[in-house]
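Undergrad: The structure is given below, and queries will be raised subsequently.
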Ligand SMILES: Nc1ncnc2c1ncn2[C@@H]1O[C@H](COP(=O)(O)OP(=O)(O)OP(=O)(O)O)[C@@H](O)[C@H]1O
Ligand SMILES: Nc1ncnc2c1ncn2[C@@H]1O[C@H](COP(=O)(O)OP(=O)(O)OP(=O)(O)O)[C@@H](O)[C@H]1O
Ligand SMILES: [Mg+2]
Ligand SMILES: [Mg+2]
């Protein structure tokens with residue numbers, strides 16, 4: 001960099017960060033010219049948020065350093081970052097919900113020991129900012145009473161109030177309606193015109209293409225490509241993001257779907273804040289068929305699984321299964337759903353699928369602990385459980401094959417095998433399966449995929465939720481794409497390719513078709 | 001990266017041992033600070049607790065109460081609930097025992113009274129735990145606060161009942177009348193001396209046997225029944241419990257009922273075993289001591305028995321110590337108890353993280 | 001009748017004072033996200049330290065300093081466990097209460113050899129009541145005179161301080177930078193952290209204030225309201241303060257009212273022993289004593305409104321999942 | 001054998017009842033040079049345990065303090081017939097137990113009369129500890145004395161509580177005293193153990209008079225302690241040891257009243273200024289009349305009523 005003309009607004013040099021065994025960031029280099037909007041894309045878990053948190057001083061990098069305006073800065077805390085003119089809008093908002101907008105904005109920048117002065121200054125300053133960037137907001141409103149879009153505006157105001165010249169936004173549109181998102185991009189543009197540098201993380205290619213100047217792509221903790229927005233397209237980006245992973249070919253014949261085991265109609269669900277997380281989803285699970293649900297995570301897939309499995313009650317809609325109708329008024333819990341021959345491999349094995357403090361043989365009956373097979377009149381049949389666990393460990397090649405090992409002490413892949421074996425071996429009619437190969441190595445992936453196909457071929461109905469496009473395409477017979485809680489498209493697996501799916505997942509497919 | 005490489009004995013033996021040693025060390029410093037010799041104090045303490053027959057009897061008698069309350073805390077704890085209400089539940093459990101004995105001792109034989117008294121202790125103790133449990137399960141009221149409040153309510157209730165209704169006429173102290181002997185739990189020295197085992201004239205009574213039986217039952221319940229399975233699932237991973245279709249509020253309520261019932265059994269030992277009348281304040285802090293016992297015993301019946309005997313020895317040895325060195329009050333035992341709670345409970349990460357780190361580094365290297 | 005009421009309220013002020021200090025102490029701590037059932041232990045520890053020092057140095061003020069020091073030290077142990085080592089707040093509180101219950105008796109036995117008491121304090125070793133100007137002169141003025149001379153005048157300085165602490169706390173919590181950060185850290189420590197403020201430092205400071213206030217509460221018990229330390233003299237006041245804190249929904253003025261209510265019930269109960277009320281008979285004192293606890297349970301159960309505490313209270317703040 | 005003493009749970013420094021016994025023990029040690037083994041139990045179980053331990057080691061006689069110990073002493077005395085016990089304030093009928101009880105009503109009568117004479121408002125107060133017959137006995141004797149000296153006087157009576165804690169709650173004591181003062185009382189008699197400390201403090205703070213109990217408590221707040229109703233538990237303890245050493249200790253019931261010097265009122269430098277010659281003379285007269293039987297003081301515990 002001897003002949004650089006203007007220094008970069010921010011430059012990262014060889015940043016690495018490791019969480020325990022996870023290498024979240026590895027040797028990351030990044031240069032962002034001042035006054036540009038720089039997009040960063042990458043799959044879930046690629047390390048984007050970690051990188052931004054390092055820039056913002058929330059985490060400290062293990063190695064590497066950061067330059068701002070050509071000067072090396074030592075960022076050890078958020079305070080350092082703020083002093084260096086960096087502001088961040090986090091993926092999960094960092095707001096004190098029962099504070100007013102004003103209080104949230106001045107928190108940490110109160111301008112004196114007594115609040116009054118700071119509040120008055122902030123009121124005036126916020127008015128100015130609001131006018132300048134059309135960031136209108138009622139500064140005396142309580143934050144938790146504001147819609148998400150406005151809460152995000154508070155985050156932006158927070159950064160600007162502190163005089164941020166570099167603004168990081170981590171998936172800012174994940175929670176926004178299209179209109180709100182449009183408004184946000186107009187604001188970003190206005191900021192850019194004032195010379196603010198913006199780092200924008202998003203999964204939505206349409207947004208990236210529409211609003212950025214440059215784009216960097218991350219994969220598995222590394223920076224894999226940099227592009228100028230003008231010289232790239234969605235297809236290329238999608239490919240860069242997904243990477244040239246080993247193509248997993250699963251040997252399978254065409255599906256021969258027969259009867260319907262489950263049909264769901266207009267399922268909706270509101271979360272505790274009253275936000276609609278699942279929007280009128282209808283689907284059918286047919287014997288001998290794998291139905292894949294594709295989508296960027298956080299678009300309602302988890303809610304769908306939970307509602308189908310009976311873990312969370314639905315708010316609206318109905319499920320028909322085994323001659324029974326389940327509605328919001330007549331719900332069934334997870335145990336009752338299992339009795340209807342439905343099995344469920346949850347997305348998150350640590351949080352849900354396993355009790356990591358249990359020995360393997362105990363975890364291997366979770367959810368089926370009431371089964372007469374394992375229970376005597378009073379005591380549980382430990383021996384039966386252990387024997388069965390031994391058998392399954394052999395059959396599924398769980399290593400080490402030790403039923404008494406604490407579940408926590410198995411590797412991710414082997415934990416997953418324990419869970420899948422438990423659910424599959426119950427011989428269910430329906431198997432709900434979420435992220436079956438998340439964090440599982442290639443050998444195990446193959447094994448798991450084979451089992452899923454085998455299950456289909458024996459006439460089971462399978463619902464597969466995965467954020468891995470490869471996996472969806474390799475396994476599914478039919479694919480639904482979810483976006484923002486709703487099903488936005490349905491494809492026959494034969495018609496699916498990465499490009500189409502990638503676009504649908506980013507909800508950019510229809511724009512594309514219209515423009516094409 | 002993981003616990004995988006930390007040997008099991010580190011967690012179940014080394015860390016608790018270090019915690020208790022640190023607690024003893026600090027207690028030793030306190031004794032040193034008040035100008036006494038900790039070694040000498042320790043020798044009186046050990047002699048008092050184990051050095052002679054009667055001392056052993058007393059040690060086990062105190063341990064009986066602590067086993068009950070320790071089990072009570074741990075059953076709730078296994079379900080992720082922190083029951084600070086052992087004191088109140090024990091108190092009310094004693095009321096149950098007392099009422100049974102007072103009602104029946106004149107008319108019924110021992111073998112009728114005893115099972116009814118056991119039921120009385122359990123049911124009353126459980127009933128006292130029920131309200132906080134219900135409020136936690138269905139209304140989300142914080143069980144720690146409600147159980148604390150219920151301790152106070154229990155103590156006022158007992159004063160009211162004993163002073164106004166149960167006190168024997170013409171007696172000064174607020175005690176009920178003394179039960180007839182057929183409502184007394186037999187002393188163990190009556191059984192043991194014919195066998196040639198001498199525990200002196202100690203108050204150790206049949207309740208100790210009941211406590212041991214409870215340990216076995218709790219062990220079986222927690223690790224060998226379906227209900228125990230559900231409880232442990234709930235306690236370690238509530239999300240997994242929901243996933244498994246476990247009715248969490250039902251399990252919560254039952255866990256507290258059992259916990260309260262176990263605490264209530266303190267009444268058997270104290271009321272039916274030793275005092276033979278219903279009196280005030282017989283719980284004497286055993287409910288709180290149960291927290292230390294259960295923390296130290298790692299919430300396992302075997303650990304609880306050992307911890308209870310250790311604390312029983314401290315109580316008994318502490319009394320001996322205070323007898324021999326009057327400047328040291330038996331309250332030194334309370335200090336040790338508190339330090340155990342501090343080091344093996346609140347400061348568990350202080351050692352744990354470092355020691356595990358050490359073993360991990362060693363195994364990585 | 002009116003006079004009886006005034007006298008009852010007069011007693012209420014005296015009895016409520018330690019509750020007010022302790023409840024405000026809890027308010028600082030819990031508003032910062034630290035559950036503190038160790039209020040009881042801090043009060044007791046301070047009561048002992050204050051009485052011991054006051055009797056040795058023959059000065060109530062020195063006693064107060066020692067009481068505060070002891071209480072702050074206990075608060076720092078709590079902080080060390082809960083903030084630095086992410087320990088369970090409740091376990092730590094129980095531990096502190098237990099340690100103090102034993103240690104005060106042990107130390108006083110050693111120092112004073114009086115079975116867990118300290119010598120009786122008199123003169124300068126105690127906070128004596130202050131007669132407000134003209135109190136005696138105005139005593140005969142009807143109604144107002146009585147209120148002024150009996151109810152308002154004639155308390156010791158700590159009583160007035162307790163009442164002054166309420167607006168003071170209100171001001172600190174709602175009107176200062178520290179208060180803003182304190183409240184924020186109890187609601188969402190992540191927000192505070194990303195705003196460039198140290199979560200641990202704020203929480204430690206909150207605990208120091210908590211320690212100071214509990215220290216005053218304890219010193220009041222042993223050197224103002226009473227004249228010496230007695231074993232277990234806090235007698236559940238810390239828990240009662242916690243109840244008042246919940247009852248007042250973690251806000252200064254309602255907390256004050258809750259303390260006054262509890263104090264009033266206490267004052268009534270003191271005078272109810274064996275009193276026969278015509279038509280009703282003897283009202284058991286226990287029924288009155290127990291009211292604060294019952295009310296708190298009802299409140300927690302949502303039967304008389306909802307008690308929602310600071311959102312992050314009781315949860316250790318962990319930045320990294322690793 | 002070596003002598004011993006077991007205090008009750010209030011401990012030997014309760015400034016009142018136990019401390020009285022302690023004073024007797026101290027005096028005996030000073031006079032005879034014999035050390036007395038002391039034990040202060042901390043809970044119910046330790047009372048019996050401590051007694052047993054002492055008995056086993058052969059201590060005799062063992063002085064035990066307070067009615068609370070009655071059942072423990074009874075059990076242990078049965079098991080150790082060779083050891084002698086003296087129980088103060090309780091009655092046990094065993095060949096190796098001496099039971100010492102006092103005529104507290106007589107002493108209370110005296111201080112009641114003094115209170116009435118010292119009162120300017122003709123209103124006096126009584127604050128009892130735990131609400132038990134024994135304490136009512138104090139109250140009833142006191143009331144009779146007050147009425148004897150001034151038939152028009154008002155006696156305000158309060159009990160502190162209904163549990164043992166009522167003997168150790170100075171805060172409540174001071175609150176009760178303040179409430180009695182505000183109702184016009186200017187002399188208050190506290191028969192309430194440690195609770196009394198709060199009463200005396202309140203009297204001092206408000207410039208009223210208080211009457212102590214059990215030991216001579218006049219020194220606690222000199223100048224505002226009118227007198228103390230002393231109950232010579234020290235003597236009971238002292239005599240036990242002395243008699244035992246001399247071989248004259250006898251089991252059975254010992255009742256100590258005014259005549260035996262078991263109860264009395266206290267006059268020393270601390271309260272000399274408060275007692276006028278006239279009062280002194282009157283009290284002397286009353287005292288003589290009680291001893292001679294001319295004044296019959298009703299004992300509450302004889303029929304559990306205070307009808308005199
Ligand atoms: N505090 C933490 N402790 C341990 N591991 C972490 C932590 N934060 C992130 N990780 C891990 O680091 C990796 C990168 O995570 P990061 O959140 O940066 O991904 P991301 O690209 O932002 O993903 P997403 O698109 O889902 O937001 C993941 O494997 C994640 O599990
Ligand atoms: N949550 C956990 N708690 C404790 N130890 C764990 C945990 N998860 C994994 N481990 C341990 O960490 C090691 C590495 O785990 P990881 O999931 O990365 O294994 P892996 O090499 O990817 O194995 P696999 O090939 O089966 O996926 C495992 O051997 C396991 O013992
Ligand atoms: Mg992210
Ligand atoms: Mg892996």
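Each Cβ is built from the backbone N, Cα and C atoms, and glycine gets one as well.
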Undergrad: Among B:143-163, B:164-184, find the range that TrEMBL records as transmembrane segment.
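TA: It is B:143-163 that TrEMBL annotates as transmembrane segment.
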Undergrad: Would you mind listing the long-range same-chain contacts of the transmembrane segment (B:204-223), meaning Cβ under 8 Å and 6+ residues beyond its ends?
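TA: For the transmembrane segment (B:204-223), the list is 57-58, 60-61, 63-64, 67-68, 71, 74-75, 78, 118, 185-189, 231-232, 258, 262, 265, 268-269, 272-274, 300-302, 304-305.
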Undergrad: Applying the under-8 angstroms CB criterion, which one of B:55-77, B:89-105, B:111-131, B:143-163 scores highest with the transmembrane segment (B:251-272)?
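TA: When the Cβ pairs under 8 Å are tallied, B:111-131 comes out ahead.
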Undergrad: Short question: which residues 6 or more past the ends of the transmembrane segment (B:89-105) have a Cβ under 8 Å from it?
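TA: Contacts of the transmembrane segment (B:89-105) (Cβ under 8 Å, skipping residues fewer than 6 from its ends): 65, 68-69, 72, 83, 112-113, 116-117, 119-129, 150-151, 154-155, 157-158, 161, 166, 176-177, 179-180, 182-183, 259-261, 263-268, 270-272, 277-278, 282-283, 286-287.
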Undergrad: Go through the chain and flag residues at least 6 beyond the ends of the transmembrane segment (B:143-163) whose CB is under 8 A from any CB in it; none is fine as an answer.
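TA: Sequence-remote neighbours of the transmembrane segment (B:143-163) are 81-85, 87-89, 91-92, 95, 128-129, 131-133, 135-136, 174-176, 256, 278-281, 287.
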Undergrad: Any chance you could find the range in B:55-77, B:111-131, B:304-326 with the most Cβ pairs under 8 Å to the transmembrane segment (B:278-297)?
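TA: Answer, by Cβ pair count: B:55-77.
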